[in-house]
Amino acid sequence: MEQNIISTIRDECIRHRSKYLTIAQLTAIAEAKINEFIITGKAKDQDLSSLLDKCIDILSIYKKNSKDIKNIISCKNKGAMISSNSVMIIQLNYVYYKVIHIIVTTNIPHLSEFAKIKLHKSTSDEGNGNNNNNEFQLMNIYNTLLETLLKDENIAKIKSFIKSSIKQTKLNHEQEECNLMRTGSYITSNQLNSLISSSANSASSQMEILLIDIRSRLEFNKSHIDTKNIICLEPISFKMSYSDHDLEKKSLITSPNSEIKMFQSRNLFKFIILYTDANEYNVKQQSVLLDILVNHSFEKPISDDFTKIFILESGFPGWLKSNYGRQVSSSFPSNNNIKDDSVYINGNTSGLSLQHLPKMSPSIRHSMDDSMKEMLVAPTPLNHLQQQQQQQSDNDHVLKRSSSFKKLFSNYTSPNPKNSNSNLYSISSLSISSSPSPLPLHSPDPVKGNSLPINYPETPHLWKNSETDFMTNQREQLNHNSFAHIAPINTKAITSPSRTATPKLQRFPQTISMNLNMNSNGHSSATSTIQPSCLSLSNNDSLDHTDVTPTSSHNYDLDFAVGLENLGNSCYMNCIIQCILGTHELTQIFLDDSYAKHININSKLGSKGILAKYFARLVHMMYKEQVDGSKKISISPIKFKLACGSVNSLFKTASQQDCQEFCQFLLDGLHEDLNQCGSNPPLKELSQEAEARREKLSLRIASSIEWERFLTTDFSVIVDLFQGQYASRLKCKVCSHTSTTYQPFTVLSIPIPKKNSRNNITIEDCFREFTKCENLEVDEQWLCPHCEKRQPSTKQLTITRLPRNLIVHLKRFDNLLNKNNDFVIYPFLLDLTPFWANDFDGVFPPGVNDDELPIRGQIPPFKYELYGVACHFGTLYGGHYTAYVKKGLKKGWLYFDDTKYKPVKNKADAINSNAYVLFYHRVYGV
């Protein structure tokens, strides 16, 4: 059989003129061999025992070859050349696996003998001697084979090897064609895509490819080809008399530093690709630019032997119409025509974001180009001039969304530290790479997105007549020194410490606002007020970013402790700040100021960076006092509170508020300020057809798709660190019709059940109460769309995504504002695995395969370690907030009471009856 298959593979390789056959071609060979050796064979070869024997024989050969394959793949990953014999072994093993897989999953289940055995097994209560023993043995062998297939790790490596090899062969062929072309030639979208892909995977020391977009900055911001090395050179910014020196010093004067640096290295790139749109003037300027680069590059001559300059055939419009048209930064030009629900109907995933969330917090890796996919690097002062005008005139500016599942997750790396190659939604994990390479997680410059610091210089009006020399002259007269007062933001960031290498996650429901008009002696007073003169930001406090320069790599002590002054009933704010600063990942990005790179002033619900900026100032003040001070001190958070009041009037006065509500406000506000998709249009409601199809899916799959839809409008470090999701399902008790909605959350509010006199209440009881199936009252009955009238119905909540940091609010106040003071027992180590939706049934939407949905950290178990407790004493009308926060092994647990803080002698004190908001961090290996 082996020689027969080898001969067939060789014949197919010759026929297709390729060293490698595709997965589909190898599968076809496997199917043909099954027909040849089994189906058309003797009758005895078709009984269950014979088929199982054949599978066992083939499996033994497969296992034997797998040892060699590990070495082959290891050598390939190290860059070694792979021999033809090695390639044949890999392809042969794939056929072996596929033969076994088809026999076990397709042929055997269709045997009448197999059906009878299954029937006997399910209906028989007692054994019937040898026959039943024989049937039992056959079923055992079958189940063992099936389990072996499902748990086999080698097939994923084989598939990855074959796919990557075919892709690389194609890329090499395309690049060879480009190497033979002369400067000034036109290249196709296929060739450009090959160059981009080859550049991303290249180990060469030479920089591969630079794209120059010759359109207006406004059009560039809206949408451009998605690649790492790309600059925008506006058509109006240069003329025929320019040299390469003029381009650098004049045309790029308002460009970001990152683009200027790329252009300065233009002679080091292997390929430079020019492209524009169909505008006649732009096409003319494209030719002018080509002439400048080829014939007037005096400062850095470009040699055709080292650097080739090509023009993209059909320009940007042609790229959009090609198969790679969705590979653009910002939203797709055709995005408005894509229904948000198309993934449920026909598997069209192009309307989803499918961003690759980082393994750590976004923006805290050494290079932004390799960190969070949609995060933006900091702009330089000079690009503010033009970008502010563009943003003011383009309120619909949309950040980029990525392409389909198939492109982004073919190399998706699971964040699970234990099983980096598993896919929760894959039955057999056959399609996951064994050693996937990181995705090209571009961190576009501000010109690619819309994240900018606040407080720009006054923007002069730019003339619209692009063909006049006046504009060029004005550009030449711009004085770089006039912008010198704006400090550039360093594009480098540092790695955030994390309690553990945890996955990442997601978002929030709105909660009912409660004004807790409390007073406290010495703590908070309802009568104490802030002087009116203090209730506005002075001119000196205007929001500029001149002092927000991301710090170079610094080993911060993230467990610093500083008290906070009570500004008159502001203990609700103080306790939450102390707890949130126990989240190391969040504290880090505000200490090193890498958050500033991601402020999105166009976010529709954001504060233009006000909240994020003043929160950062507060963190810096606290850290500085802790580091510089020789004794316990406290600081006044007055400016931060004023900033909160300017965003939400609820926090403007000196009245007491609910600390849980402030926690929700703060995290939501930071999210919107840093939301990279905050200017995207809202999601459309699902059509009835799409909703009906979604209801047929498991919660596991439907919630994952809904999460991807959610990320198209909400994508920030807060999502990564704090946000989760739950499903709310209504069910008609008459016809069993269901309707499910998926709600993101930042703070999860859970009810406290009625106390059983014999037992204490545990937090697990609260989660059971939160997720129990509830019979709706008569006046709350659901209007069932199937029955077309109100029917007896039920409602049930199910947690579908658990975040990296879980904030739990114990709902102590009822609808009448009475407080429940029952002691809820919560552990230091909390296991929420039983409350997580784990109902995957193998069903996907049409067109979506089992290896295409990102896991996003949703791999059980879900265990959490307590690190913060916000406590509330008293009643609705008089009370006080304090906090317990874990400050590492050295300092242990500290108790914060406004300005005062002290070590906790017994950490068990953190478990107390006054707990109101709990902060948990996900941990592994416990």
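Each Cβ is built from the backbone N, Cα and C atoms, and glycine gets one as well.
According to Swiss-Prot, the protein has these features:
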ACT_SITE  Cys571  active site, nucleophile
ACT_SITE  His880  active site, proton acceptor
DOMAIN    205-328  domain 'Rhodanese'
DOMAIN    562-923  domain 'USP'
MOD_RES   Ser443  phosphoserine
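Of all the active-site residues listed here (Cys571, His880), it is His880 whose C-beta has the fewest other C-beta atoms within 10 angstroms.
Cα of the residue listed as 'active site, nucleophile' to Cα of His880 (active site, proton acceptor): a span of 7 Å.
Counted with DSSP, the domain 'Rhodanese' (205-328) comes out as 51 helix, 25 strand, 48 coil. Summarising model confidence by region, the domain 'USP' (562-923) averages a pLDDT of 91.
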